[in-house]
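Scroll down for the structure; my scribbles are underneath it.
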Amino acid sequence: RNQESSSSGHCLVVVLSRLANAVTPLWRLPYQEQLEVKYESQRKILQTLASRLEELGINAQKPGGLCCALQPVVPSPTINGYRNKSTFSVNRGPDGNPKTVGLYVGTGRGRNIVCVKANHVENIPSKHKQVAQCYEEFICRSPLDSCILFHEGGHWRELVVRTTSCGHTMAIVTFHPQQLGQEALATQKALLKEFFTCGPGAVCALTSLYFQESTMTRCSHEQSPYQLLHGAPHIFEELLGLKFRISPDAFFQVNTAGAEVLYQAVGELCQAAGDTVLLDVCCGTGTIGLSLAHRVSKVIGVEVVEKAIEDAEWNAAFNGISNCEFHSGKAEAVLPQLLASWEDARPLVAVVNPSRAGLHYRVVRAIRNCRSIRRLLYISCKPEGEAMRNFLELCCPPDPRKKLAGEPFAPVLAIPFDMFPHTVHCELVLLFTR
């Protein structure tokens, strides 16, 4: 028995180590060494961009083979437990429990996926871990199965936890309804609410508890509305002296303290004078535009998530900011129309902060063909991915076949921000001018 216990304990340690290595691969390194690793990775990205530009006939080689000057990585003010949003999966754990709430280790191709509790992962705060543990306790009590594969049935799925420095906690439970009727669904929602308000889950002190019936891997609010079971419909965050309202699916930088440092730098790089118009593409809840509104004459925000735009408008009104307008819709639909008829004589500075998928080609084309935009800040969490395609589209020579008639941009300065300590990722701010 002792040998079996020792072997089991060793296997668990191995699995926990694998999870830490997968989620936070740099966790064993002292923080200064993490920054050095990230600087080197960003340097290679800029070298790649320089080479790709050379292939287009653009002489972009700077010292070190870079396409522009690269500053040191700006450290995060908070290193551990910095995440304000965590997404937990439900699947089979190392002990065989099919209702384990945690993070994945393994791959589908290798058929070795296992869900491991994230209690030891350093970038996730203790409050998120507490809510995840309570959710696991709840679904283990439930007679309903977890939904591991949609076609095999089951119901209980993901948990998203969002927290703020104001002490607010939002939990969003995703549930596959399968063939359950409205009465049965109402029963499950009532049980979930009771557990987190009167039962063992009350220890989490949730500000908001949401429930989403989802038949897909990811559903927007428009596809499947978030249903408020308990508490306030929003949580609130304070950033650079402003107060921001956050909806369940609204984008907000995952590292709040790091975001403050990032946005202050963006404000400096914009070099916005009092008559400048700031175009904030993929604006989320309006954090960048609103934090810079006092420096410019006008802010125009564009965002695909409708609820995020509602948050942005509320944020502007609550903070007494009246020089902002926000447009809801896909950037590739909104921006070309907005810029095609642009006749404002004021200087126009653009800030884009897209997802890992980068900007749609029509967005890049609209920016390229708008002569008023002389300065562009591209904020990317994955510059080596689809963002690289955007960089090349922004800088390539005019191409009538692609309807790129505008003068090309040129990369001038790159500043990496460590928004994700212990991981290999950075938020790279790349300044383009023309």
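Cβ coordinates are placed from backbone N, Cα and C, and glycine is handled just like the others.
Counting only residues at least six positions away in the same chain, the Cβ atoms of Ser355, Arg356, Met419, His425, Cys426, Glu427, Leu428 sit under 8 Å from the Cβ of Cys381 (active site, nucleophile). The annotation active site, nucleophile is assigned in TrEMBL to Cys381.
Annotation comment: TrEMBL describes Gln253, Glu303, Asn353 as S-adenosyl-L-methionine binding site. In sequence order, Asp280, Val281, Cys282, Cys283, Gly284, Ile288, Ile379 constitute the residues six or more apart from Asn353 (S-adenosyl-L-methionine binding site) in its chain with CB-CB distances below 8 Å.
Positions annotated as domain 'Methyltransferase' by TrEMBL: 275-338. Broken down with DSSP, the domain 'Methyltransferase' (275-338) shows 30 helix, 16 strand, 18 coil.
Residue pairs drawn from Gln253, Glu303, Asn353, the listed S-adenosyl-L-methionine binders, are separated by up to 15 Å at the Cα level. Glu303 (S-adenosyl-L-methionine binding site) counts 26 other C-beta atoms within 10 Å of its own C-beta, drawing on all protein chains shown. If you take every residue in the domain 'Methyltransferase' (275-338) and average the pLDDT, you get 94.
Taking a C-beta cut-off of under 8 Å and a sequence gap of six or more, Gln253 (S-adenosyl-L-methionine binding site) has these contacts in its own chain: Ala259, Leu262, Thr287, Met419.
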